[in-house]
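> This is the structure I want to talk about, given as C-alpha cells.
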Amino acid sequence: VDVPKVPDSRCDSDGPRRGSLCDRHCTAINNVQGDLGDLGCHLHRPRVPPAMSTPSCCQQHSEEVCESCVVKTTLTAENAVEANKLSNNYKFGFKKWKSHVTARPWEDRSEIVKELYSDLNVIRGSGGSTLTCGNVLYLLLFGWWLSFLYVLVAAVMFITVIGAPYGRLCWDLAGYFLWPFGKVIQKVEVPKSHQACEAGAGESSALLGGPTPRRWHPQCWAGTGYWHRASTVVWLCLGYPVLVLAHGLVCVIAWLLIVLIPVAKLSARATSRVLLLPPERVLIRRLRMTEVPLEGEVILCCYRAANPYYYKYAVDGINVFAVNLLPLVLLTLVLGYADSLNHLTGSAIKFTLALLSIMPLSYYIGMAIASISAQSNFAVGAVVNATFGSITELTFYITALIKGSREGNRCYAEVVKSALTGTLVGCVLFVPGLCMVIGGIRHQEQRFNSRSAGVSSALLFLSVGGVFAPTLFSKVYGKLVCGECHNITQNPLGHYLCHNCHFDLMDNNGTLYYSHVQPLVYTVSILLPAAYLIGLFFTLKTHTHIYDIHISDCHMPGHHHSAVVHWSRWRALVILLLSTLCMSACADLATEHISPILTNSTISQYFIGVTVLAMVPELPEIVNGIQFALQNNLSLSIEIGNCIAVQVCMLQIPILVLFTIFYPTNFTLVFSDLHVYASMFSVVLMNYIFMDGKCDYFQGTVLVMVYFILLAVYFFAPSPSGC
C-alpha cells in the first residue's frame with residue numbers, strides 16, 4: 001500500500017492548533033491519499049459547528065460536502081468499508097489491521113505500485129541501462145540453462161525436418177531468454193480476413209499472464225489450418241511440453257523469491273502466449289533498433305528481472321509472503337500426519353515446520369477478522385474479535401497442556417507459562433520499541449495519544465497485579481522445600497548449600513493450595529475478564545472522546561468508488577474457520593514434536609518458551625505495528641502491543657484456568673520469580689517511557705535493549721523444576 005502524506009499541521013508546545021474542521025477537511029482534500037495521515041495532531045482537535053468554517057474553503061468545495069463532513073469526520077477513507085476498518089483500529093479490544101480489506105482504485109495508486117501489477121508489454125520512453133544486479137542474477141539463475149534448453153529443442157525440431165519453423169523460433173528465443181532485457185517480442189499483424197475473429201477480445205491483465213484471450217483459441221486459427229498443421233502437432237508433442245515444464249520451474253522459483261516475480265511473469269507469458277503462436281507471427285527485435293510506435297502488438301517487453309518493491313504485492317488482498325507460505329502449511333500437515341513414525345524427517349524439522357506454518361495462518365485469521373468486522377456492525381465485530389482474537393495462542397497453549405497431562409509431564413505447563421510471560425514482555429518492550437526505532441529513522445520525533453495509551457497501561461497494571469497475585473500469595477505462605485542440601489562447613493550449625501528449592505503448596509495434603517491459593521486463582525480469573533469488559537465499556541461507550549477519531553463516510557473528490565471487498569463476510573468466515581482448524585492441527589504437531597527438543601536441548605526451556613513459542617505467532621502483528629510507525633501513526637503501534645498484553649492477562653490466562661476446571665492439567669497460576677520480576681519491570685518501564693506522549697528512536701532502543709537483556713537472563717537461567 002502507498003504511504004500517505006501527512007498534512008502540514010503540527011501540534012506546538014502550547015497545545016493543539018485551533019481551526020475549523022472544514023479547513024482541515026479542505027486541506028485533506030488537497031492532500032488526500034486515502035489513509036489516516038498524522039493522527040497525533042488530530043486526536044485532540046475540537047469538533048466545531050459548521051458556522052465557524054472558513055468561507056473561502058467552502059467556496060472551493062460545495063457547502064453540502066463541508067457541512068456533512070464537519071459534523072462527522074476528521075479522517076478520510078476510500079469507502080464506507082475502509083472507513084469502518086479504520087474506525088475499528090482505534091477501538092479497544094479490536095484487532096489493528098494495516099492492509100486494505102477492499103480493492104483500492106487504480107488511479108489512486110502510486111506509479112511504483114502500478115508497475116507491480118502491470119503486464120510486461122509496455123515500452124518505456126527511456127529504458128536506461130539493462131546491466132543491473134537483478135538482471136545479472138537472472139542470467140546466473142535461469143538465463144544460461146533456459147537458453148541452452150531452447151537450443152536443444154531447436155535441434156530436435158530441425159531433426160524432424162517438418163518442425164523446422166519451430167526450430168528457427170526456438171533458436172531466436174534462445175538468444176532472447178539468455179538476456180531478455182531491452183528486447184521486445186511482437187506479434188505480426190493479422191491479415192484482414194482474421195481480424196473479425198480478434199474483434200472484441202480485450203487484453204488480459206491477470207496475475208501471471210492470465211487466462212488465454214479468445215483470439216489465441218484454436219477456433220480463431222481454424223481458417224488458416226494452423227492447429228491442423230503437421231508441424232504444429234510435432235511441436236505440441238515434442239517441443240512445447242519440455243519448455244512448459246522448464247518455464248513452470250522458473251515461475252515457481254522466481255515467485256518464491258518474490259523480488260524476481262517479473263521473471264515469473266515473463267515465463268508465464270511466454271508459455272501461454274508466445275509459444276502458442278505460429279512461428280511466422282513471432283518477431284523478436286532489440287528495442288533500440290525498433291521504431292516507436294511499434295507496428296503490431298507487443299507481447300513481451302522486460303527491462304528488469306528484479307524489483308525490491310514486490311514485498312507490497314498482493315493476490316486478492318493477501319500479501320505475497322502469506323501466499324508463498326501457504327504451501328508450507330500443507331507440507332506440514334501431510335508430513336506430520338503421514339510420517340508419524342519419523343521415517344522421513346525428525347522431530348526437530350517437523351516442529352520447525354509447524355511453528356513456521358503458524359505465521360501465515362495468523363495472517364489469514366487476522367485478515368478474516370478485519371474483513372468481517374469492517375463489513376458488520378459493532379456487536380458482530382466485538383464478538384468476532386473477542387472469540388478469535390486470541391485463538392492462535394490459545395490453540396497452542398491448550399494442546400500443550402493436554403499433551404502434558406496425558407504424559408504426566410509438568411514441563412509442558414512450565415513452557416506454557418514461559419510463553420505467556422514471553423508474549424507479555426515482548427508486546428510491552430519489543431513490539432513498541434522496535435516500532436519506535438524503525439519509525440524514528442524516518443521521523444525525528446513521533447507523538448501518540450497519551451490518554452488512550454494511559455487506559456491500556458492502567459489495565460495492564462491491573463492485569464499484571466491480578467495474574468501474579470496467587471504467586472505472591474504462595475511466596476508468603478508457602479513452605480520452602482529443597483531437593484538436596486550439603487553442609488559446606490562440616491559444622492551442624494554451619495551453612496548449607498541447597499539445590500532445586502521451591503515453595504511447596506501441597507504440604508499437609510495440599511491444604512494451602514486447595515483452601516487458599518485455588519480460590520484466589522478462581523477469584524482473579526473472574527475479576528480480570530470483568531475488568532476487561534469495563535475497559536471496553538469505558539473506551540467504546542462512555543469515553544469515546546479519548547480517541548476522538550471520526551472517519552469520513554461522505555464522497556470526497558477522487559473517491560467516488562464503491563467498495564469492492566477482497567473477502568465477503570461468508571468467504572472471510574469460511575477462511576477464518578479453516579485457518580483455525582489448520583492452526584489447531586499445526587499446534588498439535590508442534591506440541592507432539594517439542595518433547596525431544598525440550599529434553600535433549602542444552603538451551604533453557606524458559607528461553608524456548610519466551611522467544612520462539614511466544615513471539616512467532618505475533619509476527620503479523622509486529623509487521624502491522626512497523627507499518628503504522630512508518631506512517632507516523634505510533635498510537636496504533638503502541639496499542640497493538642498493549643492490547644495483546646492485556647488480552648494475555650485478562651482473557652487468555654482466565655480461559656486457561658477455566659479449561660483446567662473441566663480438563664485437569666498441571667497448569668497452576670503460580671509463576672517463577674523470574675517471570676514475576678521480568679513482567680513487572682517491563683510494565684513499569686513501559687509506563688515511564690510513555691508518560692509524555694512523544695518518543696524517538698533512542699527511547700525505542702532502550703526498550704529493545706532491555707528486552708534483549710531479559711532474553712539473556714532467560715537463556716542462562718537453569719531449566720524449571722520438572723523439566
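FYI, residue positions are counted from 1 along the chain as it appears here.
Using the three backbone atoms N, Cα and C, a Cβ is placed for every residue, glycine included.
According to TrEMBL:
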- 133-183: domain 'Inner membrane component' (DOMAIN)
- 350-469: domain 'Sodium/calcium exchanger membrane region' (DOMAIN)
- 572-714: domain 'Sodium/calcium exchanger membrane region' (DOMAIN)
- 136-162: transmembrane segment (TRANSMEM)
- 233-263: transmembrane segment (TRANSMEM)
- 318-338: transmembrane segment (TRANSMEM)
- 344-366: transmembrane segment (TRANSMEM)
- 419-441: transmembrane segment (TRANSMEM)
- 453-473: transmembrane segment (TRANSMEM)
- 520-540: transmembrane segment (TRANSMEM)
- 572-591: transmembrane segment (TRANSMEM)
- 603-623: transmembrane segment (TRANSMEM)
- 644-663: transmembrane segment (TRANSMEM)
- 669-690: transmembrane segment (TRANSMEM)
- 697-717: transmembrane segment (TRANSMEM)
> Quick one: do the transmembrane segment (697-717) and the transmembrane segment (603-623) have at least 3 Cβ pairs under 8 Å, skipping pairs fewer than 6 apart in sequence?
yes
> Between 233-263, 520-540, 572-591, who has the most Cβ pairs under 8 Å to the transmembrane segment (453-473)?
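So the stretch in question is 520-540.
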> By Cβ distance under 8 Å, which residues at least 6 away from the ends of the transmembrane segment (419-441) in the same chain are close to it?
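Apart from its flanks, the transmembrane segment (419-441) reaches 393, 396-397, 460, 464, 609-611, 613-615, 618, 621-622, 625-626, 628-630, 632, 634, 637-638, 640-642, 644-645, 648-649, 652-653, 671, 675, 678-679, 682-683, 685-686, 695-704, 706-707, 710.
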> Which residues of the same chain, at least 6 past either end of the transmembrane segment (344-366), have a Cβ under 8 Å from a Cβ in it?
95, 97, 318-319, 321-322, 325-326, 328-329, 331-333, 335-336, 388, 391-392, 396, 575-576, 579-580, 582-583, 586-587, 589-590, 592-597, 612-613, 616-621, 624
> Look over the recorded stretches 233-263, 318-338, 644-663, 669-690 and say which has the most C-beta pairs under 8 A to the transmembrane segment (572-591).
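The stretch I would name here is 318-338.
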> In terms of Cβ proximity under 8 Å, which residues at least six beyond the ends of the transmembrane segment (520-540) contact it?
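Contacts of the transmembrane segment (520-540) (Cβ under 8 Å, skipping residues fewer than 6 from its ends): 91-93, 378, 382, 452, 455, 459, 462-463, 466-467, 469-470, 473, 546-547, 646-647, 649-651, 653-654, 657-658, 668-669.
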> Do you know the DSSP helix, strand and coil residue counts for the domain 'Sodium/calcium exchanger membrane region' (350-469)?
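Looking at the domain 'Sodium/calcium exchanger membrane region' (350-469) with DSSP, the answer is 104 helix, 2 strand, 14 coil.
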